[in-house]
Amino acid sequence: MSKHLFPRIIPHLTSLPRPTSTRHTRSLAISISQLLNSRHTNPHWEHSLSHLLSSHPDLPLPSLLSSFPDADSTISFFHWARTAPTDSAPIVDSLAYSALLLQLAKWRRLDEIELVVARMREENMVPTRNASSVLVARFSDSGMAEKAMEVYDMIVEKYDALPHVVDCNSLLKLLVKRGSWDSARKVYDEMLKREGGADNHSTCIMVNGFCIQGKMEEAKKLIEDRWGVGCIPNVVFYNVLIEGYFRHGKFQKGYDLFREMEKKGFLPSVVSYGIAINGLCKKGDFKEVVKLIFEMKSKGVAPNVEIFNNIMDFLCKQRSVRCAKSVLKQMMENKCQADLITFNTLISGFCRERKAKEAEMFLREAIRRGFSPNEKSYTPLIHGFSVVGEVAKATDLLAEMLLERGIRPDLVTFGALIHGLVVVGKVKEALAVKEKMVVIGVPLDCQIYNFLIKGLCKKGMLSSSTKLLREMLSQNILPDEFVYTTLVDGFIRNDKFEEAKKIFRLIECKGIGGGIVWYNTIINGYCKNGFMKEAVACLNGLRNNGCNPDEITYTTVISGFSKQGDLKGALCVLGGMMKAQCMPNVVTCSVLMDMYGNRGDIEKTELIFNYMKLSNRSPNVVPYTILIRCYFKTHNVVKATKCFETMLSNKCAPNDATFNYVINGLLNCPSIEYHAGIGILDVLVQMVADGWDRRDAVYNSIIFTLCKYNMLRKALEFRDDMTGKGFLADCVTCLSLLYGICVEGRSGRSKEWMDLIEPEFMKVETEIICKYKIIFDRYICESVSSEVSSVLGDMHEESMGLCKLQTHLTG
């Protein structure tokens, strides 16, 4: 809940109530305090104190207690008054005890408060309602719900009353924070029964409690019970409800309520806009976020730092760190001061994109602006530099954090460094960091060991990984299933399945509850090594242990049977999968397609592919590649090339296997004919007819098709790969790339596209360019075609100008 959410409904808080203290009384209290402080050096202090008090026989003890300058003096004097035998000692009654409690509450001496309350109970005394009310607030503010409720119940029982409304609200807030909904409702209902027992803030706390639970309709009913149906009294209540809807993913309801607010005559505050923008960011509706920012500006509501931070956080999580950086610039233009969270958000975002050097610039800028970096500033940087192999820089930042900033690296920071080192294969350095943690007293946990064991297993250092496991056990750090899973997976990947089985049996004997990841790992080991009987037994054992197999479990076993050519076994497992209402995913379907494809059963391969599309499982590169392979295998060039173009139109980028099947299929097919609507065939047939080398024609037809579907980067990568195999780019290649540049809308950046293609081809081979431009234009929209024509025209004019200049110079 935002710290700005309640200011318009929270009553103004004054200092704790206490008896009026005159200047004379305060002066006396200071004198007594000085006497008490001298009692270790002044043997006559008690006599002096009795004499001092005898001159003020009518001074009430509660008034005197409330005037002491500190808690220790108050406690010492009260103890003396209660135990002194002299007649001059004042009488200690419930009012005096209550005054002492008020002083202790003021100084937040909660332990002493508990002792005083216990003493009063022994002496059959009860604190005044006023003192008890203050205690409810103090215990609540300190998070001591049980003690607060105990005092609350005592007030209700002894005085048939409630604490003051402000103090009751403190208790309500704590109960809601703790999730003690029944107790909170009991207190709130009791407040409503009594006149003046509840205020707007009380209701707002309860409304917030319902919203935290996701019970927004009950929250609205609570409001309507007080103010009438359809009535929400002010902006603050709207804000709480809107935030509740957004928090629980009910974005449309939250946004509708945000819009309703203004219709009901309430102008949204900066907090209202902040809640709506944060909710829309979570939804991923950045278009609407931009609209709200413009709306705020038009209404003169300046976005605050929290709003800008939320937008930057959203952009960073969407991997749009450049846009997030531009938001920082807008903040400065709006004269909105960034805070440490701003810079930490950008640091984290840039590090996530492996741009640690740029991220460090934000750290330096934060320091320059006077902010004190914290562990959230350094940890992403340490991890960011580690994962790109800049270990020295990562350790320098760790030293800066510790020595210059005085921030003690915690488990998360060291974990980031170790994980980064393991990612880049620097396992020895990661082990050295672990030793450093031990030296400076940072306790290790399962996750640290898991990182290290995973790194050692990847390096094939299995004996070292088992040694690390023994070390864990000797340190009384019990390995969880993830540690054992990592170790088993390491043995399986290094073809040491017998060792993996030993660990598996050990875990079963120890009774450590393995989850789905654990079972999937060992099942994968069985399948990889051809032990399908054991894999099925493990699958059944998973069900018997109350753990439901998932898509990965079933797919792994189906794949195992597929590798052995056992269609019957694979289909049996598939049947069990469907029966368990666990629907096949893209990987499962790909395995089945591959199995049927290898058998030459195109019909069933197509059937599975169509099932994926009908069940909203977008095929990835693997099923498309399998289908293309199957079509080419049966020389069905039309279907194969149609499938390839469909794949590209669905923004699914081909991989090396896809290219391999398309190239070989087009090269080895006995005959290729023109087919209307299939650009790759149209270009290929024309180039072959024009006498081009067939391999060059295949490469060019693929490059054009990639550019046609806005995959310029992939086309350039393909061109470079083929160049390494002897392919020389020609004018058709350059024309295809120019189309790709225009499809991407990059033709305006002339220097950039000139670097991507070789325009000299296009200046001299004008007849060929014109011929193939006519073919390409059949498959390209008119706007792109016009743009290409414009660029070619400019190039022709430039070429003609150079010719005239050359003629003039030589003439």
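Every residue, even glycine, has its Cβ placed from backbone N, Cα and C.
The repeat 'PPR' feature in TrEMBL is assigned to 93-127, 164-194, 199-233, 234-268, 339-373, 374-409, 410-444, 480-514, 515-549, 585-619, 620-654, 695-729 (among others).
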Cβ under 8 Å to the repeat 'PPR' (620-654), counting only same-chain residues 6 or more beyond its ends: which ones?
586-587, 589-590, 593-594, 597, 600, 602, 605-606, 608-609, 612, 661-662, 664-666, 669-670, 672, 675, 678-681, 705-706, 708-709, 711, 714
Residues in the repeat 'PPR' (585-619) grouped by DSSP into helix, strand and remaining coil:
26 helix, 0 strand, 9 coil
Where else in the chain does the repeat 'PPR' (374-409) make close Cβ contacts, counting only residues six or more beyond its ends and a cut-off under 8 Å?
340, 343-344, 347-348, 350-352, 354-356, 359-360, 363, 366, 416-417, 419-421, 423-424, 426, 429, 442
In the predicted model, what is the mean pLDDT computed over the repeat 'PPR' (199-233)?
90
Give the residue counts of the repeat 'PPR' (410-444) per reduced DSSP state, in the order helix, strand, coil.
27 helix, 0 strand, 8 coil
Pull the DSSP breakdown for the repeat 'PPR' (339-373) and write it out as helix, strand, coil residue counts.
26 helix, 0 strand, 9 coil
